[in-house]
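Each remark here refers to the structure printed beneath this line.
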Amino acid sequence: AARPVAGGARPPALDALLLNRDAKAVRSSKRVLCWLRQDLRTHDNAVLLAAAAAAREAEGVSVLPVFCFNPSTYAAKLPLTGEAKTGARRAQFMLESVSDLRERLRALGSDLLVAVGEPEVVLAELAGDAPAAVLTHGEACTEERDAERAVAKALLARCGNSALVRVEGGFTMYDERDLPFDLRAMNDVFTPVRGKVEKNCEVRQAYAEPASGELPLGGFAGAPGLGSELPSLEAIGVDPEAAAVARAAPHRLAALDFKGGESAALQRVKYYLWDTDKASTYFDTRNGMLGGDYSTKFEPWLSAGCLSPRHVYAELMKYEDNRVANKSTYWIRFELLWRDFFRWYAQKHGARIFMLSGPARRHAKWRADRALFERWVEGRTGVPLIDANMREMAATGFMSNRGRQNVASYLALSLGVDWRLGAEYFESALLGYDPASNWGNWAAAAGVTGGRVNKFNPTKQSRDYDKDGDYVRAWLPELKDVPAPFCHEPWRLTPQQQQEFGCVIGVDYPKPAGEVPVWSGESGGGRGGGRARARCAAAAMPAVGAKDPLEGVTDMHGFEVVRSDFVAEYGSAAVLLRHSKTGAELMSVSNDDENKTFGVVLRTPPKDSTGLPHILEHSVLCGSRKYPVKEPFVELIKSSLNTFLNAFTYPDRTCYPVASANLADFYNLVDVYMDAVFFPRLTPSVFQQGRTC
């Protein structure tokens, strides 16, 4: 890979940064506005460098960097959840980032105008009636692109010779212009994309920051608002109570005291690579969940644009040259490429990444259960790993990558709740929110991208990555005295143990909200192709959209959980439920058999030797209320995809089992058999025929 030169690359002229037609538009303007959004840095910033180049090429050019706290972003509510579009903690982080950028620009002889208002109004007013160019980095997602179009339209309306000029590059490690494929034809799966990019592309050199004096304010020196105090959180639209919390000292368990701004970002890179050598062990520690150094924690600064991914790459290359090059240093670049991939994916699919069916147009049945969603948000699902991670994010704005995969999988695949609710909540709560990465990852977790679907077993994951339970006990004080392994699955505690450890399930800590994720001791939980995961997930739900026999497992149509366990002899996880009114029992068994099986078992102890139970067994399969045909049993054998279909009479019970490897066919078989058993067409002639057979 190319080694960046010391200090970064310096573009010689405007043409090195802009297309010819865009360079012409900038050269025809004496007033250049730098509209900064998610690029709050002076290093590797093509917008600032393009403005500096314009000022070098012509005399009398005035340059004004601008940042707008847009009410549509900072004072708005999200449509599905009603959460603040920008949570108070991220708003505080952005304020800190803007403040730091202003100081760094002032050190270069420039400044930053900070406004509260819609960009199309603010920028058009600043541009005035004379020709002006507004430079901005082109964004990837639809909402941000809509904002660009609104600014372009407003500039044109104010002065026909003013223009919005999009500057490419700087958001990703690999430049989109160097990709060996057209984005419209890009594979939707990461691995093939990674292979092509790593084989055919080099990372461009990061640009140095503009030199002092290269961004002359000129005629903008007296612009209204320039030099004013920064707005408060409340002034940009943040709820006052939330603002007070955001300004408070960080939570005692916070992974890091994140401070917004380029200065803090560069210091974090220096600390993680050069001061501590943590980069050399990243691969081995990256799945941690407690502490500040198990992972890079670069995300919030990358998302706000305080840190350039190309700068991180350049520092990694120097680190590999001077310290060590190993799997850990490569893996940091690997994670940055994942980030690139989701940005390209968002550009390819546009608004579809925000739609319920996703880019894959997978039309599934999702639950709109607000109460269940709120339990997930508040960390009250009854599954410790999920709850601990959700409480950490609520208290700090941060969650580990391992945690994010588990909570997303649990909400979307285990509870079957509309995945967009989770994506919106993350949008509000995360410090490091990036629309492409957030919505792309959530769509992937929900299985609507077309790639592999990974359903995580949170109990297995908790045992793997929090073996002694330090993380879950730290964030869940209800479990502080519950030892491992019970702190990973407290529903296993006996009543006596619950009293002993001071944690009564259903009182001190909630019962599980959905499936009971039993751990089998086998591999799985996001790795290994999924076969072992199937053995691990007790009461695992079928594919989203199928009828879930354990939906609302704690109270499903009057059924209550009696017992859940893993039956090692059969490699199966089992849950026994009992109907509170009738006493009917329901057993759900999950394993890795591709067959889907169902059976109704009735106790039929004979009172005499007339063979009545056997007669009834045959009679109920001669048509039913919903299917009044003569021999549905024969029709099913001929026309279905069943792998087993029969009925048995034992000395004390009668069984009606069916099986199919095809999900749709399976539920059809179940429907017919349920109607036959509980609503048979038992006419006298049918019964008499059964007696004479």
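Each Cβ is built from the backbone N, Cα and C atoms, and glycine gets one as well.
Database features (TrEMBL):
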DOMAIN    30-172  domain 'Photolyase/cryptochrome alpha/beta'
BINDING   Tyr282  FAD binding site
SITE      Trp366  site 'Electron transfer via tryptophanyl radical'
SITE      Trp419  site 'Electron transfer via tryptophanyl radical'
SITE      Trp442  site 'Electron transfer via tryptophanyl radical'
Tally of residues which DSSP labels helix, strand or coil - the domain 'Photolyase/cryptochrome alpha/beta' (30-172): 62 helix, 30 strand, 51 coil
Helix, strand or coil at Tyr282 (FAD binding site) [DSSP, three-state]: helix
DSSP three-state assignment for Trp366 (site 'Electron transfer via tryptophanyl radical'): coil
Which recorded positions sit within 10 Å of Trp366 (site 'Electron transfer via tryptophanyl radical') - Cα, from Tyr282, Trp419, Trp442: Trp419
Residue among the recorded sites Trp366, Trp442 whose Cβ has the most other Cβ atoms within 10 Å: Trp442
The domain 'Photolyase/cryptochrome alpha/beta' (30-172) [mean pLDDT, rounded to integer]: 96
Which of Tyr282, Trp419, the listed recorded positions, has fewest other Cβ atoms within 10 Å: Tyr282
Rounded distance in angstrom between the Cα atoms of Trp442 (site 'Electron transfer via tryptophanyl radical') and Tyr282 (FAD binding site): 24
Alpha-carbon distance [Trp419 (site 'Electron transfer via tryptophanyl radical'); the residue listed as 'FAD binding site'] in Å: 30
